[in-house]
Amino acid sequence: MTTHISKAPGAGTPAPRTTLLRAITAAGGLATVASTFLAWTWTSDFPGDLTVYGYPGGLQVLTLALGLATLLFAVAALDVRGLRWLTPAGSTAALRLLALGAFATTWFTLLAIAVDQGGLVNLEPGGWVAAVATAVPVATAFLLTDDTRPVCRPRQLPSWADILIIAAVFALGLYVVNYGIQTDEDNPEPFIGYLIALCFAAAAFLKAGLITRLSGLTSTYRSLTLVAALVTALVFPFTQDKASYTELGVNIAIFATVALGLNIVVGLAGLLDLGYVAFLGVGAYTAALVSGTAASTIHVTFPFWAAMLAGALASLVFGVLIGAPTLRLRGDYLAIVTLGFGEIFRIAVSNLDGTSGPSVTNGPNGVPNIPPLEIFGFNFDDEHSFAGFTLDSNSNYYLLMLLVTVIVVLIFSRAGNSRIGRAWVAIREDETAATAMGINGFRVKLIAFALGATLAGVAGTIWAHVQTTVVPEQYVFAGPVPPNSTFLLAAVILGGMGTIGGPLLGAALLFLIPEKLEFLQDYQLLAFGIALILLMRFRPEGIIPNRRQQLEYHETGQLDVPDQAALSGSAVGVTKAEA
Amino acid sequence: MTTTTVAQAAPVLTATGVTMRFGGLTAVRSVDLDVHPGEIVGLIGPNGAGKTTFFNCLTGLYVPTEGRVAYRGTVLPPKPHLVTQAGIARTFQNIRLFANMTVLENVLVGRHTRTKEGLWSALLRGPGFKRAEAASKARAMELLEFTGLAAKADHLSRNLPYGEQRKLEIARALASDPGLLLLDEPTAGMNPQETRATEELVFAIRDTGTAVLVIEHDMRFIFNLCDRVAVLVQGEKLVEGSSDVVQSDERVIAAYLGTPFEGEPGAEEAAAVEAAEARTEEDGQ
């Protein structure tokens, strides 16, 4: 561990060897950038056009971006004025990750060309240049000594500059998300390349301390950040050139909302609910039955607000009915019972078909032909034009879903940061002590359970209209297509329990990856399992950690003990003995 | 130190004939105990005497097999949260803080019974909610000042040193504005200075009008602190009285140190000792 230098980062002249290595890394980055302007293959059969001299295309763009980042960070490491802000926590670790990212993306592309097109002969000289150019920075970056240091206090910038930075970050974020969503769905290569590049770049920014800086900035300008996030989300449908991309957005918003509801139950109150998808099903079925479709057994047509209320109410009742007997159990027992109830819902719905039981749900055939939503004469299936913008059906649903998501986020943050939210966390931490402090454990847990169920029910009512059909087989414990209880729980755990961003990110990733990588569909559950095992080993607190959770799993990196903060980089996952 | 006049008002706590059986094992046998307002009562006894079990009977964690526990004349319901609501707060022998919550949040959780804001008020965030939150925070900070933890309000409780964790447990218990505070070995594992500080803290708590019932092994601490001491041996109350009475009681000395043995120990006695030890161990679990 290097000792912390209180002067400006990089003060004191580094050894000539270090300077040389950094310079070579920068040169390698430059060469990488240059190589993307060459043709890598002669055939345009490979997705993206990599045959052109003069401008990068397809996967070359990713290499270009990573090469550029490597170049910038290497130059910043050389202590060039004006670039030091890039590496508040040291440059070597970030350089290694960026160089590795460029290397991995490029070599993946080249190997994919060779495998897809049948042999290395399909590579143009430009491809070989890229292969060598990306290997050089990797070698030199790993020869550099580690210069990880605690993130120093940022320089005071005028507030307009801070605001500009936040806006730029959100714009960049939207661009990155759009790049991923708009990759070619017929070929898996671009999306795999995108994932590789994204993972390495994110890890590099984290190691460089940029993420810490950014979260400092966003917590200073909290409301501004929220507005920026909202605006970014609002702009999303207008930046899509295909309806199917907006549809991806709708689905992600629905599953993210449901996952956030589950996060109240799992993340805040610590109740492991393995049958959560049943509540989504109750909402969806309620909305379907009162939607006025010919297939419904009760021939009523509710306006949407009433259907939404009915769905929420039905889920609430169902949640209380299931919660009341089961919440007296703790830990694993609760998980088993909720798993059972989730399955009971599906089987019961399949049997309410008029032959095995009363005729309510049409059994396995489900309720088809659910009409499109209509709110005060605004039909969600028609195109609408406002001030030059055209909203197609998917955009309509996306914007409605966004509104619901915002409401759920508000509910989550307000409930979490209150007397009842503290009681949930206390119950999760130590139920015996919590009851001894006067918390009625059962009541408080039931509130969490019912609230989670209600939110899932609300999302379910919209989901029914988006899908136009509800069938019992959608609401299984584990299956290849979302939603299922495993998917939702995995989204919460992958993203980070107890946070708002976590389940949103987790749901987006878990939905997008199988959607883009069709060859994975048969192995989705296997991939899920492997991903979760790896996550539990290397980052048990999830991608976006809750402060509590992070401290629970890693003894170091806490505010109170600044001397040990540097140790967190060495990833010693000291798990809590009593966990 | 121990010359406080005991107000002979109506007792805060009345335990009569409390008996707790686990299957064939009687951990607590017919114990009577009164605690009066403004009094510090000690409960001592060898390991496994049933002190913590008795505490658990008082706080509703266990439902006593026989007997009744009343707080200010009303019989307590056998639910921990209702007992706390009635006005009895406790700390734990092995510290049970909410480790991943901040010091302030821990105390705020302790305020739970004295505040009413439910889910709706949290979601709507009306002026009433903000007022109640601010009042809770103010009271919690006051308690942290009182226990000397105010400077560490934003630290996570797991990061506090041991002695301060004990103090925080007391602050958290006090947050429910109890009429009676039960302390289960508050000085276990403390050094003499910390013990001394805890003593001062308990006196200060008593001076605010809260009665205190304390379990402890540190005899000097107990005899300095308590107006009255009860001795529990093998589930039964042996003696109760001022520290002088208890200290000079031969049965207490026998319970702690054993009776002087005349002559050579025979095989019979050795077996009896072993059996007694086995039983004591079993009791402790």
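Any Cβ shown, glycine's included, is placed from N, Cα and C.
Here is what TrEMBL records for this protein:
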type	residues	note
TRANSMEM	A:62-81	transmembrane segment
TRANSMEM	A:93-115	transmembrane segment
TRANSMEM	A:127-145	transmembrane segment
TRANSMEM	A:157-179	transmembrane segment
TRANSMEM	A:191-211	transmembrane segment
TRANSMEM	A:252-272	transmembrane segment
TRANSMEM	A:279-298	transmembrane segment
TRANSMEM	A:304-324	transmembrane segment
TRANSMEM	A:331-349	transmembrane segment
TRANSMEM	A:395-412	transmembrane segment
TRANSMEM	A:446-466	transmembrane segment
TRANSMEM	A:486-511	transmembrane segment
Proximity verdict for the transmembrane segment (A:331-349) and the transmembrane segment (A:191-211), three or more C-beta pairs under 8 Å: no
Candidates A:157-179, A:279-298, A:304-324, A:486-511; stretch with most C-beta pairs under 8 Å toward the transmembrane segment (A:252-272): A:486-511
The transmembrane segment (A:304-324) versus listed stretches A:157-179, A:395-412, A:446-466: most Cβ pairs under 8 Å: A:446-466
Any contact, the transmembrane segment (A:93-115) to the transmembrane segment (A:191-211), with at least 3 Cβ pairs under 8 A: yes
Top partner of the transmembrane segment (A:62-81) among A:157-179, A:191-211, A:279-298, A:446-466 - counted as Cβ pairs under 8 Å: A:191-211
Selection from A:191-211, A:279-298, A:486-511, the stretch that has most Cβ pairs under 8 A to the transmembrane segment (A:446-466): A:279-298
Chain residues in Cβ proximity to the transmembrane segment (A:191-211) (below 8 Å; excluding those fewer than six residues from its ends, i.e. six or more beyond): 59, 62-63, 65-66, 69, 73, 86-91, 93-95, 97-98, 100-102, 104-105, 108-109, 148, 151, 176, 179-180, 183-184, 513, 516-517, 569
Remote residues contacting the transmembrane segment (A:486-511) - C-beta distance under 8 A, at least 6 residues beyond either end: 248, 251-252, 255-256, 258-260, 262-263, 266-268, 273-274, 276-277, 405, 409, 412-413, 416, 477-479, 525, 528, 531-532, 535, 541-546, 548-549
